[in-house]
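**Student:** Here it is: the structure, laid out below.
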Amino acid sequence: SKLAALFEHPLYNIPIPEVTENDKLFVVNPMEKFSLHSSASDEWVSSSKAEMLLPTGKTAYDTYPTWLKFHVGINRYELYPRRDPLMPTLLRDLATQKIVSSVQKSGGTQLKLIMTFPNYGQALFKPMKQTRDQETPIDFFYFSDFERHNAEIAAFHLDRILDFRRIPPASGRLVNITKEIRDITTDKKLAKTFFISPAGNVCFYGECSYYCSTEHALCGKPDQLEGSMAALLPDKTLAKRRSWRSPWRRSYHKSKKAEWELNPNYCAQVRETPPYDRGHRLLDLIDMTVLDFLMGNMDRHHYETFEKFGNDTFLLHLDNGRGFGTHSRDEPSILAPLQQCCSIKKSTYLRLQLLATQPYLLSDLLREALATDPLAPVLSEPHLRALDRRLRKVLEAVRHCLAR
């Protein structure tokens, strides 16, 4: 396994700083236990008050469902650890756990559903909108592009291979529209949008600001629909998140350009603006730029951080559905922060160099990571090959900076 060899490499074993209680997102009550409702049920309950003896040597933490262990493990430095023993179980849960509730997620330009499992875990479901080999038409503006379910899955694995670990775990899943959405939804607005197509397939379209209409309906075959299931982050009432507007945000206008597109010295003013004037925030943003360029994602208008950790923490790379839309062309403007600031973390640069070598070729690693997904193949071969080409362009941009 090339992936196993990569994670053994010294560049993937740089220790994170010691994690103190203040560096953890949650302080856990060591007495809080969880157990199954009854032996015949797969529903979980908190049983801290119940008379319950744990098997010898087991702690209360061992009784937590996997999604809760994931939430409890989040700290100032990482969303999940490099060698996370929970990851295979968490991905399997996303792909196989029984869905007991599905409602539409409010806001956003496209339809997304929040699915709930019997153990109270939740996932964000993005349905399939286009096939693996379709490319975004060349005349489309980035803001009128579809969100792709397979891009969400591939983005999670790519982010992990780059050792950023800032995207919540995501798995592919085949969902039954009738049994796992229509029949169990409590969302009245969503329920009104189901219909049977002329071909006899079950379809629905939900309510949203752009692609929610009969013309953009999502249809099963006859009721089976592919989608991505991403683990939801802790509820914002428990762990507040702050949303930051990206300094390199696009104008989202058909003819107007953003300031960074007109001013080659734009980075100088960013460097003087908090929070980019100190710490590693700008370097973290450039990490995100590299990830977006490799995916071809032009839609990074905001990013988020956990409020508890202030400015000294990692950026969450959320909402990656507009990545992997084109493989035949690259978008050099995505790299503007790297090219204008001529800065990159040394650790990121060394890992990128490693991923351009034959034993650890980026396309091979992502192909291997995606092979275990229930919807494999997640990406078509041209998309995987494009990664190696784009990686060479990132390294070329850094070399150009070094020469300057």
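Using N, Cα and C of the backbone, Cβ positions are placed for all residues, glycine too.
Please treat TrEMBL annotations as automatic predictions, because they have not gone through curation.
Feature table excerpt (TrEMBL):
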type	residues	note
ACT_SITE	D299	active site
BINDING	Q110, K126, E147, A230, A231, L232, L233, E304, D319	ATP binding site
BINDING	E147, D319	Mn(2+) binding site
DOMAIN	194-403	domain 'FAM20 C-terminal'
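For each feature listed, report its degree of burial, its nearest neighbours and the pertinent distances within the displayed model.
**Tutor:** A simple way to gauge crowding: the CB of D299 (active site) has 20 other CB atoms within 10 angstroms, across all the protein chains here.
Applying an 8 A CB threshold to same-chain residues 6+ apart, the list for D319 (ATP binding site) reads D299.
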**Student:** Looking at ATP and its recorded binding residues Q110, K126, E147, A230, A231, L232, L233, E304, D319, figure out the farthest C-alpha pair and report it in angstrom, whole number.
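**Tutor:** Of all Cα pairs among the recorded ATP binders, the widest measures 20 Å.
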**Student:** Counting only residues 6+ away in sequence within the same chain, which have a CB under 8 Å from the CB of L233 (ATP binding site)?
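**Tutor:** For L233 (ATP binding site), the qualifying residues are H71, P168, A239, R241, L316.
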**Student:** Using a Cβ cut-off under 8 Å and a sequence separation of 6 or more, which residues in the same chain sit near A231 (ATP binding site)?
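**Tutor:** Expected: W67, F70, L90, L94, G121, A123, P168, P169, A170.
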**Student:** Counting only residues 6+ away in sequence within the same chain, which have a CB under 8 Å from the CB of E147 (ATP binding site)?
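**Tutor:** Spatial neighbours, sequence-distant, of E147 (ATP binding site): Q110, K126, K129, G321, R322.
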